[in-house]
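One structure is given below, encoded as structure tokens.
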Amino acid sequence: METVVCTGIGVSDGVRMAKARVYHQPAVRQAAAETIAPEQADTEQARLRVAAEKAGQVVEQLLQKSQSVLQEEQIGILKGQKSMLTDPAFVPEMQRRIQKQNLSAEAAVRAVTEQFAELFRKMPDPYMQERAADVQDAGSRLLRILSGEDCTALSEIQEESILLAQDLSASDTVQLDRRYVLAFAMEQGGATSHTSIFARSMGIPAVVGISGLLQQAHDGDWVIVDGAAGKCILRPDEKMIAEYRKKMQEEAQRRELLTTYAGKPAALANGRRMIAAANIGSDTDAAFALQQGAEASGLLRTEQLFLSRGTAPTEEEQFTIYRRAAEAFSKVSPGSVVIRTLDIGGDKAVPYLSIPKEQNPFLGYRAIRLCLEQKELFLTQLRAILRASAFGKVQVMFPMISGVGELLAAKAMLQEAKAQLHDRGEAYDQQISVGVMIEIPSAALTAPALAKEVDFFSIGTNDLVQYTLAVDRGNEKVASLYDYFHPAVLQLIHLTLQAAQTRRIPVGMCGNMAGDPLAVPLLAGMGLQELSMAAGSIPQVKYVLSCVTAQECHALAEAALRCDSPQEVRKKLRDFAHTHRIQLPQ
Ligand code: PEP
Ligand code: MG
């Protein structure tokens, strides 16, 4: 049969070749009857209760397994399901419908699942929209249990394969044995779908959003998945096989070279120390980050703890997570953990905060703006962060600061939280470092004023680029304009560094630019001291740093700051990498 080259969205890099395993999700058996006689209601309610208990147990078992073998995102997905199964409205609403509408247990599950999923789908935030999948997953688990079906088919894959499917649910992915499933290609999904999150967190190459894939693929076909190129090649010919074999060999060599850098300190070739730090979403990311060679955490995005749940986490819940993160990083040097206060609202909507829909959420009621108004929410978080500071090198950072007024107001709240803890007799680091994110152009432009008030800056290029260039960071249509090598962005970074140098405060970067190997010599040359990134990028960044001296980087930065366009900057950086024999990913 002929070769077919399918294209989709590459969501996790890497090239793999193996035989296809085509997976069709089992069709959930329809209930024999939609409705029941009123006298059967008790029996149906009991069936549903037993199924819900069983579903809860299965998720719990998967979670137990997950704690040791899976990443934070994966655990988050399972926790999402668990929270649906224990949600005070979800299963009870099904029970109510059985009683009031004489629905069978299956019909009640279907109706309520659809109703809840629709609610999530209608939310403005893409992240919350994707959570509709948690609801459906919890619902289909209930249905499968009600029909007496075993949901463990994927755990049977016991030879090296590439998994092709319409999409995978969270309960599908937790059954997979990573030794055998080498890559994914899916018909559905986007960058934040479960499969994509899972693939990235496990380092499995993946391409999603390939329409018509399953119609053209057959079990046992040879398949190549090229994650970076977003390609899935069905039945490749000899020439393609040879070409990709070479590519895989090069990739394997590169990976091997890089792993040796994980355990080395982040330093330039002349010995100048830098800090390679990890961006984390919770304490459970710490183990992987440390394994990749993280020397600190330059950003703990606390909002993940607030999403996918019905109420805000309590002070105690937050304290436990922050404390664990602080303790985990205290094993390394410098081992600091920058805990960023809640960056939520706007695009990252949270139902229980009842934030009204906005025309321009990125310019709206979010992050520090929201926290300064919702004082109890903010104080609770600040107390939790402060208490964790008694257990490690915790630093607190405020996001979305646009000027000194907001910073002073936030600092006043921090003082209030300290006073509350003092009254309660709780321990905390009285000298806790306070920093701000520089992610709005006005913050970079007023950096001299901000620098008088804080102990450190952290540059958030993800937002800084979108606000400087007026390019929505999530809109594919304008993605080609979104460029951190734009001279305007470089100038703002430069201004920030100058202001910090005058006050002798350190500057880190926690936006995606910090993990880009092409950008690393430039950032070191501009004067950044800490680069904080996705943990998987750390070995590569340490490798790049080790190839160049401070002097060379400085000269590069001076030249880059004189460029007129992002293209010119990029060319300078590529030439520099070439001259210094830095191997960049293809
Ligand atoms: C940033 O804006 O660069 C950043 C690190 O924050 P986030 O991506 O969470 O907005
Ligand atoms: Mg940001």
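Note that Cβ sites are derived from N, Cα and C of the backbone, with glycine treated the same way.
Annotation comment: TrEMBL describes 7-131 as domain 'Phosphotransferase system enzyme I N-terminal'.
Marked as domain 'PEP-utilising enzyme mobile' by TrEMBL: 157-230.
According to TrEMBL, the feature active site, tele-phosphohistidine intermediate maps to HIS194.
Feature annotation from TrEMBL assigns domain 'PEP-utilising enzyme C-terminal' to 263-546. Across the residues of the domain 'PEP-utilising enzyme C-terminal' (263-546), the predicted structure has a mean pLDDT of 93.
A C-beta separation below 8 Å, combined with a sequence spacing of at least six in one chain, links ASN462 (phosphoenolpyruvate binding site) to GLU439, ARG473, GLY511, ASN512. Classification of ASN462 (phosphoenolpyruvate binding site) by DSSP places it within a helix. According to TrEMBL, the feature phosphoenolpyruvate binding site maps to ARG301, ARG340, ASN462, ASP463, ARG473.
For GLU439, ASP463, the entry in TrEMBL reads Mg(2+) binding site.
If you look up TrEMBL, you'll see CYS510 marked as active site, proton donor. Neighbour density for CYS510 (active site, proton donor): within 10 A of its CB lie 29 other CB atoms from the protein chains shown.
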Residue counts in helix (H, G, I), strand (E, B) and coil for the domain 'Phosphotransferase system enzyme I N-terminal' (7-131), per DSSP?
80 helix, 16 strand, 29 coil
Inter-residue C-alpha distance, ARG340 (phosphoenolpyruvate binding site) and CYS510 (active site, proton donor) (nearest angstrom):
11
Which recorded positions from the set ARG301, GLU439, ASN462, ASP463, ARG473, CYS510 come near ligand 2, judged by a Cβ under 6 Å from any of its atoms?
GLU439, ASN462, ASP463
Binding-site residues compared (GLU439, ASP463) - the one with the fewest other Cβ atoms within 10 Å:
ASP463
Which residue, out of the binding-site residues ARG340, ARG473, shows the minimum number of other Cβ atoms inside 10 Å of its Cβ in this structure?
ARG473
